[in-house]
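Engineer: Below is one structure. I have some questions about it.
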Amino acid sequence: MGFEDVALQSRILTLMTLSFHIIYATVGVGVPLMIMIAQWVGIRKNDEHYILLARRWARGFVITVAVGVVTGTAIGLQLSLLWPNFMQMAGNVIALPLFMEVFAFFFEAIFLGIYLYTWDRFEDQRKHFLLLIPVALGAAASSVFITIVNSFMNAPQGFEVLNGELVNISPLLAMFSPAVPTKVAHVLSTAFMTSAFVLASIAAYRLMRGSNHIYHKKALFLTMKLGLVFSIATAIIGDFSGKYLAEYQPEKLAAAEWHFETESEADLILFGILDGDEAKYAIRIPYALSILAHGVPDAEVIGLNEFPEDEIPPLWIHYLFDTMVTLGMWLAFFSFVFVVGAWRGWPIITKTWFRWLTVMSGPLAMLAIQAGWWFTEVGRQPWILRGYMKTSEGATTSGNVDLMIVLFAGLYVILGIGTVVVLTRMYKRNPVEEELAMRESNKGGEEE
Amino acid sequence: MTLEIIGISVLWLFLFLYVIVASIDFGAGFFNAYSAFSDKQHILTGVIQRYLSPVWEVTNVFFVFFFVGIIGFFPQTAFYYGTTLLVPASIALILLAIRGSYYAFATYGAKINHRGYIYMYGLSGLLLPAALSPVLAISEGGFMRLEGGQPSLDYWALFTSPLMWSIVVLSIAAVLYISAVFLTWYSWKAGDDKATDLLRKYALIWAGPTIITATGIIFELRGHNPEHYANLLDLWWMFALSFLLFLGTVYLVWKRRNYGMAFILLVGQFFTAFFAYGASHYPYLLYPHLTIYDSFTNESMAIALIIAFIAGLGLLLPSLYLLFRLFLFDKDYVKGKSDYHA
Ligand code: HDD
Ligand code: HEM
Ligand code: HEM
């Protein structure tokens, strides 16, 4: 039982909690915007279907938010429990965005409570719609602030170390590290993209299983359009993220690309397996790495040979990067086909196999999110604060982390299963056809 | 006023707010479970769900505020408390998860009203204060050792300490008392006579244990931490004031008069006692290792945090006002006449 062990255990627990939280957090950031759009379209077109769509999404959303709050509280506390040395240092420099995040939570939680419990309470639908804006803003702001903290871990600045003491601390400089623009933009656009595809999956599934109602068709078309827009945005911002890496964290990019020697006109390596320093069975796209890194085909890309052996991230992040990029490309392409197809009336988009692909888009986007986070976090190793503190130095010295892993694994399994069971049960008990019919019959009474 | 004092006062204030709102939440869950157990569920469930469901996430943020804020203002606490509290804090997290998932799955979602779940939810409301309050005992010193520069918790000393157990008992009694007084008021506003009567009875039952254990702790401290004890005695007038406010609450509840005022007096009682306790703890965050001065963050961060706090408050207060106006002070909503849930 050495020091290393506890650090490894802490990593495993962090990985578990974050990977689980990020599912709910992504939905939490993206879905309010989707609800807003649906409700807005409904109000504008005076179309009951879109309003009901917003309402039904909102109902499911509460459940994911509640679990998101639980898991978020867990990760928030675990940061201090598992990485006390890191948090002590980070607290001095990067506490500001963490603190601001709490206000974003407050803002979101308050207005979400109000929004949910005031359906039909206002004469004017638009007033109710307005309540959703702070929810969406609060959720987006919380992801922005936490991503700023994460950016700081990747590109720390805003302080100096003098004889082991932190001096000249500037909280604002620390907040606006060079990693911020691409990271924040990429995280936001992927959250929107993923939420759109998750909702599209649900609509596609309903269309296949029994209900051929126009309501689901509208939902599917709307979400696929949004998915297309945000997946294009994601790919463009992802390209900028690559350029950021080339400039500030070249070891991460080089490890992701198995780029061992510094060279110009570098190839992009897709898939393959590693045999020593040789990538076998890989697809090589000429010049593509130089373009990803610097935007021109003959640019020089820094290779792993320029870094000390013990500061090179694990090379398996290559697969994580490939997974993310491939899925991103696929989803952009697929949603493009769908949208054009739906618009031109191509018959394939109603085929069963095509529907199945549509159903898959949500889970695939979620997988891409996971791959992306694992890539960027594992790719930062061995550093917890790049260039300043190694992950093993940041970890707790407390025993019992192993026990906590078991405990929290159990908790997440229960919460995960619970979410799925409760959501399916909730929608099954209250099918959309019935609800539409009921609203129709109420209509006469409701309207002035 | 130094930056250190501003920082700790802000944190202490939010901790106080958390204690009040969380007590209401925890206690309500327990009463709900208890009434399900004794087949009186219909009396309380409505009141509890109408008030708690829209606000529990906000309650939770008060907690998050405290632990994020203390790391921000006093980063060294991460080192001392973070290293030692892994097990108790993880248990508290699991309990919080039970509560959160109850709201998610049972009240918002598919209305799973399985009895076992209601009991678990109710029980977690009692266990949570029991899991969180030992931190107060730990902060009195004597339970943490430094081995090779690394702090570790002496569980044996902690679990055999009468001080720790009195704090635990006080926290549970206080949770039930605060909650009962608030819910008496709320159900009275809702015009629900049966619930009011029942909750009023609970309030009176739990008043005694609360004040007895609170007094007991002061005497425990004399042996455990004489320095803190002496500071407490210097502030005797605040505790006296707190006690008068307590009498006021009990009197009003007893006479079935002005429950709103009774609750306000109760908040005053806890406010004075909580701040007197905090002030007498000054300047230690952890006897004798950590004071607010040697653990404080750098000046530029402190100023940035305070500015962020003021700006945040500017956003928060109007929103909280709106929330309370809609769910606490809106007659139709409180009475359950209007149900606008999505
Ligand atoms: C739906 C999810 C998703 C999709 C389709 C993509 N990404 Fe991504 N990517 C993420 C989800 C993500 C993420 C989870 O949001 C990450 C992890 C950390 C971060 O900042 O964003 C990320 C990080 C990330 C990074 C590392 C940034 C850093 O460490 O600072 C790069 C270079 C890219 N992405 C590039 C791309 C490219 C070129 C894509 C082409 C389509 C792409 N991503 C699609
Ligand atoms: C913004 C959201 C964040 C996400 C989604 C995220 C995700 C992850 C993931 C998936 C891992 C596991 C990687 C691995 O085990 O190698 C990880 C590791 C870690 N993260 Fe992050 N992270 C985020 C931000 C942060 C922040 C803000 C902190 C600290 C303040 C942090 C601290 C750590 C630490 C200490 C590890 C363990 C080191 C490691 O094992 O890689 N992360 N994170
Ligand atoms: C180290 C990483 C993270 C930490 C410490 C963290 C912390 C937290 C905490 C404490 C909460 C609960 C707040 C409450 O009580 O209401 C929460 C919820 C939330 N978090 Fe995280 N979080 C992290 C990563 C992320 C990321 C990467 C995102 C977005 C991409 C995110 C978005 C959210 C959102 C939107 C919520 C509100 C609940 C929801 O809508 O699901 N968080 N987080």
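From the backbone N, Cα and C atoms, a Cβ is placed for every residue, glycine too.
Under the heading transmembrane segment, TrEMBL lists B:6-34, B:55-74, B:80-98, B:118-143, B:163-186, B:198-219, B:235-254, B:261-282, B:302-328.
In the displayed structure, how are the listed features positioned relative to their neighbours?
Structural biologist: Counting only same-chain residues 6+ beyond the ends of the transmembrane segment (B:6-34), those with a CB under 8 A from a CB of the stretch are 41, 44-45, 48, 51-52, 55-56, 58-59, 62-63, 65-66, 69-70, 73-74, 99, 102, 118-119, 121-126, 128-129, 174-180, 182-183, 199, 202, 267, 270-271, 274-275, 278, 282, 292, 296, 302, 305-306, 309.
If you look at the transmembrane segment (B:198-219), the same-chain residues 6 or more away from its ends with a CB under 8 A from one of its CBs are 31, 35, 40, 43-44, 163, 166-167, 169-170, 173-174, 176-177, 180-181, 183-184, 187, 229, 232, 239, 243, 246, 249-250, 253-254, 256, 273.
Packing against the transmembrane segment (B:261-282) from elsewhere in the chain are residues 8, 12, 16, 19-20, 139, 174, 177-178, 181-182, 184-185, 214, 228, 231-232, 234-235, 238-239, 241-243, 245-246, 248-249, 252-253, 292: each is 6 or more residues past its ends and has a CB under 8 Å from a CB in it.
Tertiary neighbourhood of the transmembrane segment (B:302-328): same-chain residues 3, 6-7, 10, 50-51, 54-55, 58, 69, 72-73, 186, 296, 334, selected by CB-CB distance under 8 Å and a gap of 6+ residues from either end.
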Engineer: Who are the chain neighbours of the transmembrane segment (B:235-254) in space, where the CB to CB distance is under 8 Å and they lie at least 6 residues beyond its ends?
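Structural biologist: Same-chain contacts beyond the flanks: 181, 184, 200, 203-204, 207, 211, 218, 261-263, 265-266, 268-270, 272-273, 275-276, 279-280.
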